[in-house]
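Over in TrEMBL, the protein carries these features:
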BINDING   N148, K149, T150, D151, G202, S203, S204, G205, V206, G207, K208, S209, T210  GTP binding site
BINDING   C283, C288, H290, C296  Zn(2+) binding site
DOMAIN    99-260  domain 'CP-type G'
DOMAIN    109-258  domain 'EngC GTPase'
Amino acid sequence: MTLEDLGYSVDLESYRKEQGLASLGIGRVISEHKERYVVKTADHEYDAEIIGSLRFLAQQRSDFPAVGDWVAMAEFDDNKALIHAVLPRKTMIERQAVGKQGEKQIIATNIDFAFIVQAVDRDLNINRMERYLTICNTSGVNPLIILNKTDLIADHELTALIANVQSRIRQVPVLAISNETLSGIDVLKAQMLKGKTYCLLGSSGVGKSTLLNNLSGRQIMKTIAISASTHKGRHATSHRELFVLDSGGILIDTPGMREVGLTDAATGLEMTFENIVQLARDCRFKDCTHTTETGCAIVAAVENGEIDQASYENYLKMAREREHFESTTAERRMKDKEFGKMIKNFKKNRKSNKY
Ligand SMILES: Nc1nc2c(ncn2[C@@H]2O[C@H](COP(=O)(O)OP(=O)(O)OP(=O)(O)O)[C@@H](O)[C@H]2O)c(=O)[nH]1
Ligand SMILES: [Zn+2]
């Protein structure tokens, strides 16, 4: 295997040279667990950690390596390495960190295409599709919607579902597949390009791992991490998350996600809801919130059925969420600043009081 097989590019190579990193090895992070990384190189896999100075300089979660990252590293043992630098990311899919208001968490980096997977039997949720789309649009990743488990419903039901999805999401291709009958799998395989990185996004149980197995033609087992204290199997931490398929495509399987909160960087919202946002030009007031104002072109379009009511509500909900993220981040920064001032004053007082 070569680095190019893993997705390495000319741009990355010239960056590496420019930055004087040529003496270090280059590899791609294929899994991450509590600041321990598995880094794959052309002919090796390393257990890696980051060097102290990198940790020291890290200001936020996104400064640490993530699955999909290219890193410059030094081998120090047979299969151990230290990560010295994270190379610039072409794309970065991120969400609001669960339970940590105002913080971001990277899902995967350097992704070219995302497969947004949903199951047609009971999980289908167009609001959630729009949410994943927004996340993709924000980071410049090309989305494809995959409807899985089509073996579980009748053909006419599937036709209706696809029409339903496409009435709300017009600009994104939709592909129906079944991991059971393998219908659609070859079509999907044929679309995947050598050296490009794909990522599977979707809730737990929609069939991402099964799809990975079908695309790779192998049974790639997930090792479930066992929490030592409770001996309870912990959910969906796969040991390896990045795979090179025989077709040459590179596939990242992210653990199933229950929550996909938006961050302030969700500029993709306007792209996802382009047909809604465009109408705002005709609103009577420039600062229209598109809710209760008279002369709101968006509300009018919802009323006359031009815009889907559910889509409209989902748009407003996500716009509020983005705003909330922004305000909590601002608040936190303010608090940090105040805390910094307090420390400074304390030190000053201590000096002057000489205790
Ligand atoms: N009938 C049917 N069942 C499927 C299909 N694809 C997957 N399944 C089943 O759905 C269940 C969940 O599939 P997984 O592939 O583990 O789902 P996942 O999205 O990887 O879930 P996480 O690993 O929790 O994120 C398994 O029991 C699969 O056998 C399908 O096309 N048809
Ligand atoms: Zn309006």
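Cβ coordinates are placed from backbone N, Cα and C, and glycine is handled just like the others.
Listed in chain order, the extra residues whose Cβ falls within 8 Å of the Cβ center of the Zn(2+) site residues C283, C288, H290, C296 are A280, R284, F285, T289, T291, E293, G295, A297, I298, V299. If you compare Cα positions, V206 (GTP binding site) sits closest to H290 out of the binding-site residues C288, H290, C296. Reported as a whole number, the C-alpha separation between T150 (GTP binding site) and H290 (Zn(2+) binding site) equals 37 Å. Checked against ligand 2, the binding-site residues G202, S204, K208, C288, H290, C296 give C288, H290, C296 in sequence order as having a Cβ less than 6 Å away from one of its atoms.
Mapped onto DSSP classes, the domain 'EngC GTPase' (109-258) shows 47 helix, 32 strand, 71 coil. With a CB cut-off of under 6 A applied against ligand 1, the binding-site residues N148, S204, V206, T210, C288 are reduced to N148, S204, V206, T210.
The two recorded residues, N148 (GTP binding site) and C283 (Zn(2+) binding site), have Cα atoms 40 Å apart. Once Cβ contacts within 10 Å are tallied over all protein chains shown, the binding-site residues V206, C283, C288, C296 are led by V206.
Checked against H290 (Zn(2+) binding site) by C-alpha proximity, the binding-site residues G202, S204, K208, T210 yield G202 as the nearest. Looking at S204 (GTP binding site) and C283 (Zn(2+) binding site), their Cα atoms lie 40 Å from each other. On a Cα basis, C288 (Zn(2+) binding site) lies 34 Å away from G202 (GTP binding site). The distance from the Cα of C283 (Zn(2+) binding site) to the Cα of T210 (GTP binding site) comes to 47 Å.
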